[in-house]
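Engineer: Quick paste from TrEMBL:
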ACT_SITE  LYS30  active site, proton acceptor
MOD_RES   LYS30  N6-(pyridoxal phosphate)lysine
BINDING   ARG125, MET287  substrate binding site
DOMAIN    218-340  domain 'Alanine racemase C-terminal'
ACT_SITE  TYR239  active site, proton acceptor
Amino acid sequence: MHIDLDAVAANWAALDQLSGPNTQTAAVIKADGYGLGAGRVARRLAENGVRRFFVAVAEEGIAVREALGPGPAICVFSGHMDGDTELLDQLAMTPMLNSIEQLTRHLEALPGHRFGVQLDTGMNRLGMEPAEWAAVSDLVLQANPDLIMSHLACADEPDHPQNAEQLAAFRRMTDGLNVRRSLSATGGILLGKDYHFDLTRPGVGLYGGEPFVNATPVIRLSLPVVQTRDLEPGETVGYSATFVADKPTRIATVSGGYADGLLRSQSGKGQLFAGDIACPIAGRVSMDLISVDVTHLNEVPDYLDIVCPAQGVDDVAGHAGTIGYEILTSLGARYDRTYVGGKA
Ligand SMILES: *Cc1c(COP(=O)(O)O)cnc(C)c1O
């Protein structure tokens, strides 16, 4: 797996440009930097001047703090969970408090420690609801929060009415407060400046995924060919014999399978590439191996690509019946990850 950290930096710069001059652009590196390596990604982005990073849970911040050193802010979406106090304190991480329970825990356990607040504007996943916020906002504001944020449920669909509804709800809950605000991830950045506020939080767009369709590709995933064989008409391939050769057929067996995040739902639908020539997956994806129909190639190369310029993560996701986010974050531990750009 080749990971181009300079492309991640270029995508950040492009999203930063879209976010406008008065908006700070952070970076979301949860789930180990969407599977690409949170420490490496964070360090490369810090070279670009990124000063604020978001992780999902406090434990994810350990590798990020180690990679970044003491300066940059590391914010935690899940807030201040029971048992997190020591970690938040030692690593100087900023929890985004999601409930009155978390707020109480935080102000009691770590008075004076930096925090933000997450508000629920309609996604009904994380954050304080309008009535809760009304009850505690004075108390919160006295404690000097670093950021107030919310999250859009439908930002990847620009015409969805919930975008404007959530924007209005966010404004109702936060207009006139002297605190920095953040509403948008990748999709929200693309909705335009009304959605940008003081800080944006792109994730998937940094890694080359939709909805940032103009992203620079970040990963190439090449699978070594273990073996090649020729089939007579009528012979079958793989578990449950779902592929049946209807003519003399050459099959390449490549190393990589669903244990590596190459989802089994691509069976009989997905394809790999020899350069720019598509080669269909033949039969079932198995745990460690994929069979590929290479009958039409003059020569079978040493590697076939599953993520490459001809087929991005969202194309793979289309064959697998999922989204690029799930493909990225499923890419497993067995790959030899090599990085272009940035420092080890
Ligand atoms: C994951 C996440 C993001 C980043 O979203 P992308 O769609 O990957 O840009 C931002 N904010 C919150 C709250 C998230 O959970």
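In case you wondered, yes, glycine gets a Cβ from its N, Cα and C as well.
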Engineer: May I ask which of the recorded positions ARG125, TYR239, MET287 have a CB within less than 6 Å of any atom of ligand 1, listed in sequence order?
Structural biologist: none
Engineer: So which of the recorded positions is most packed in, judged by how many other Cβ atoms lie within 10 Å of its Cβ, out of LYS30, ARG125?
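Structural biologist: Result for the most crowded candidate: LYS30.
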Engineer: Among all protein chains shown, how many Cβ atoms are found within 10 Å of the Cβ of TYR239 (active site, proton acceptor), not counting that one?
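Structural biologist: Excluding its own Cβ, TYR239 (active site, proton acceptor) sees 14 Cβ atoms within 10 Å.
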Engineer: In sequence order, what residues of the same chain, 6+ apart, have a Cβ less than 8 Å from the Cβ of MET287 (substrate binding site)?
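Structural biologist: Looking at Cβ-Cβ distances below 8 Å from MET287 (substrate binding site), excluding near sequence neighbours, one finds GLY257, TYR258, ALA259.
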Engineer: Would you mind splitting the domain 'Alanine racemase C-terminal' (218-340) into helix, strand and coil residue counts from DSSP?
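Structural biologist: Helix/strand/coil tally for the domain 'Alanine racemase C-terminal' (218-340): 24 helix, 48 strand, 51 coil.
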